[in-house]
Every structure is written in structure tokens, then in C-alpha cells.
Amino acid sequence: TAPVAAPTDESVAAADNKTPKFPPINNRNMWERHCEADTKEGVAGVVVGTIPAWLEGRLIRNGPGIRFIGQDRYNHLFDGLSILHMVNIENGTASYTSRFLESDAYTINHRANRIVVSEFGTAGIPDPCISLYDKFKTWIMPPISRKNTDNCVVNVLQVKDELLAMTETNAIRIVDPATLETNPLKLHINHFVAIHRATAHPHVEEDSTVYNLGFIKGKGPLNYVIVALKDGKVQNAEIQATVPARWKFNPGYLHSFGLTEHYFILIEGSLAFDIKSMMLPTIFGGTAARAMRFHPKETKKFRLISRKTGEELQTNYISASFFNFHYINCFETEGHVVVDVCETSENVMDYLYMDNIEKSADDPSKNTLNVLAKRYVLPVDDIEKAATSEELLKNVDCAKISREDFLASASAEKLPNGDVFLKGVTMTENFLELPRINYKYNKKPYKYAYGVNIEDYKKEFLNFDGLIKLNVCTGEHKIWQDKDYLCSEPVFVATPDALDEDDGVLITIIINKNEPKKLSLLVIDAVNMTETARVNFVANGVITPTFHGQFIAAGQKTHGY
């Protein structure tokens, strides 16, 4: 980590030409922002419009807030130290609270005034307080052997009464759901079940069982495992299924996974870890991010694992190379499994280094990417009887995106070697990421997806300036937009006794691009995508963007996404 100035207006005006210059706080890209003060005491908001009387509960979001420790800067979008944001909605009003997650990483780094604990894309510098021997050991330790960070910056999960902050390691932090204070007790999922890492994108079932995807490293190839947590309790973790990575020394990077009534779904392939690079010592800048390799010429592998037996289906489903962080939804219908994802064809991890994000839009060396909603359909029944080179989705309605003036279809073809080659169908040409649905339709046939949108993804890389509603059957869409704000992932909340899938509102946090301490709770009518209410807040510190979150509805005993 190179010495850099803190990202303040003063640093931009600094005269020392040897000091790297950074944009002011109201900078080119909102993800560059750095927060130095949280808002522990709730601040009341000013309501514009009307919050539905039935909408009561807490919207909690998680994301990187601290990008600098002393003179050290975090290198990657996924590295910044976590700050939790909460909007409490009650009696037609709302209040805002935020707190830094006081993880071990937070405490150790601030004590040393430098980045000591390594993150996904940033190698830590040995703690000055430790012995010379321990410093040497830290320098030569490779990423695969280092203690995992507990900077739980990606998501939150509350199923019953316990709120958890999550990231892509084995560490989970317990947070007070009322105050956002960090509980001193730290959980490691590997203390309860033999896995090394887990995703931050679990699925919550109607009976409160939580499923998540984990990873086991041992003497042989890395294995993917499905873990069940009864009532969302890490202490209740049990392994449900285990499958080996298809490449022994190049396990895939899987950010999330799919779930249907009968299957767990993994999409493995193009972006993978190089185990040899994972052995590179810290002194040479070894990080998990640096150990990733994108293989654009390799196929993607769709893996269906039976929820009943834990066994993988023998059919080998493949497609052309692509990458997806997120699944929109998956479901089964008439002998087919439908897999909807947010897809990009690029090596997105390299694009998410801060050096790239900080470049101006007119810099020809800046890498940007588009993300599109794609549908893949996997035929399950009677594959062995299908003819070679036959289109297997010819009369399959769920494979079609159809409206009065448009018709397109996903494709599945049986190859001579018995593999089934899949081609996805694009559901909209509009940017769609951080997808959400009405969670009552998770694993079920559905009609609507919601996400963040960018009108010009090349000019406004990651500066999400709108929300999109997509009809996944027709490709029709509606967009809400306010270019003065950055939009966060929308969360769907159904109206009481809703009859239609989109009867409800979208709620999210939007961040003022020009006034760094201002943010708003946004309430959108999910039917017509019009603004119902906006609650404006002024925080103590700079507001930074978030990754994911959850709405905890008042009066409900069990909470999903």
C-alpha cells in the first residue's frame, strides 16, 4: 500500500508534488468517498410526500466506509472497512443511524494507524507492536494461509432476533439490531462446521432455515459445500452437500448461488483462483484478488445439486464464458430449471481496483462494463433421449422473452459428447445490477425484478443514477431516475394482503452527489415506479455507498430478503 494523502479538499490543494492528489469529497465517483465520522445518535428526517402507514421497520445496509488508515489506502472496492447504515421507519416518519463495524480489523488497523489486516485486494503491513519474528512471519505468509479478515462489509442477515454482518470469509460479526453496536463476540462458521469460507448471499426459507455456499480446502481439490443453518444460527450449521471444484488448482470464484425447490445451483467457470498465486508471500503483494485469473476461452459450467440427496446431476451443462456476481431468481417449471442472472462478459475484478475507479470518464485507459439481465434454461427431463444438435427449448414458454413487437429465446442444444450447450437470452438492454425480487417468489415462477440502473455506464461507471423494474417475461421495463443522487440496491416490501406480485413499494437509500453528508430514504410505488416519499437526513460524516441490505419489518417473527 503506497503512502497517500487522506482524501480531503486540503489534500487536493496540497503543494507537495510528491503526494498523490485525490478528488475532493464530492468527487467524480461516489465509491471513492471516505467517511471519518459515523452517526451513532439517530437523526430525524424531513419527510417529503407520504410514507405508507403500513410501512414500519428497519432498513439496514452494509458497505465500505473507511478507505484510508493513516497514510495507507485500500486498493480495491471490496476492501474498505465496514460502516452500517440504518433507517428506522415508524408512524409515517423516519430516523437515521450509522456505526462503523468495530471488527478486529478496524481495531488493529486504527491502533497501528496503518493497514495491518489484509483484505481481498490489499496486503497488510505487519503490526509495529508485534515482535520481529512475527513481522517476518507476516511478510512471508501467503494469502491462502493468512487469518481471514473479520471486516464484514458485504451484507447483513437477520432471521429471528440476531443481526449478523457478513463478508466472504469464515468470520461473522453479531450486531445489536437496535443500536448497530458491534458485539465483542465474534463467530467463525468453521468452528461449527468444517468449511474455510462462505458467501455473503444466503437464502432464507419459509421455515427460517438459511442455506449458504461454503468452501473447503484440504489436501485434495477444493470442494464447494452447501451449509444449512436452522433459524439462521451459525451454531446450527450442517453440511447438506459437497461437490469438488472442476479444476483442481483453479477453483472458481463464486459470489453467490441459486436455489430452487429441488436444486442448489452453482455456476462455475471463467473467473477462478490460481492456487500457485495464492502461495505468493505478502511481501510481494500477495492477495486473493491478485490470485484471480479470468479465462474467457473456457466454458461456464452450470451445476445442479439435488437438495434431497446432495448428489450432482450427471448432465454436463455448459455455456460460453461470462461472469456474474448475482442471481436474480431461479425456479423449476415443466421439467426445466430457469436461471436468471446479472451477467457481464468482462474481467470485472480488475476493473474494481480503486486506481481504475478514480480515473475520469474521458480517460481512455479507464475500464468500464455493462451488466445485463440474462436468462438460461436447463432442460432436466429425458436428456439422454434427446437427439444430438436438437434445439431442446423449441416449445418451452419460460425460455421466451415475448411481447407484441419482440420475441427472443434462450437455447439449449445437446452436443455429440452428451453435454448440453446453453445460450442465454437477454431480458433487457438496460443496465441492471444488485437485483432484488418480491422474496415471496424466491424459487418460484415470477414476473418482476428490480435493480440499480445507469443511463450511461461508460461515463458513470458504478454511479448508479436510477432504479429499474423489469418484466422478466416480456422484457418491458420502467425506470425511476434522479441524477443528483447515487441509488442503492432497492428492497421490495409487499403491502399487507397484496394480491399481485408487484403490490408494494421499493425502499432504498439514495446519496446526494453534491452534498456529502446528505442522504435520503426513498420510497417508490413498485407498480408504476413513481416516488411516494423521500425522507431527507443530514449525517455527522460523509455518506458512502453500500453493497447490500435487508428490511426488518416490524411485527414479523421471521425475516427474509
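Cβ atoms here come from the backbone N, Cα and C positions, even for glycine.
Unlike curated records, TrEMBL annotations are generated automatically.
For 1-27, the entry in TrEMBL reads region 'Disordered'.
Applying an 8 A CB threshold to same-chain residues 6+ apart, the list for HIS548 (Fe cation binding site) reads ARG61, ASN62, GLY63, VAL154, ASN155, VAL156, ALA200, HIS201, LEU434, GLU489. Annotation source TrEMBL lists Fe cation binding site at HIS201, HIS255, HIS326, HIS548.
Cβ-based neighbour count (10 Å, all protein chains) for HIS326 (Fe cation binding site) stands at 20. When the binding-site residues HIS201, HIS255 are compared by the number of other CB atoms within 10 angstroms of each CB, HIS255 has the fewest.
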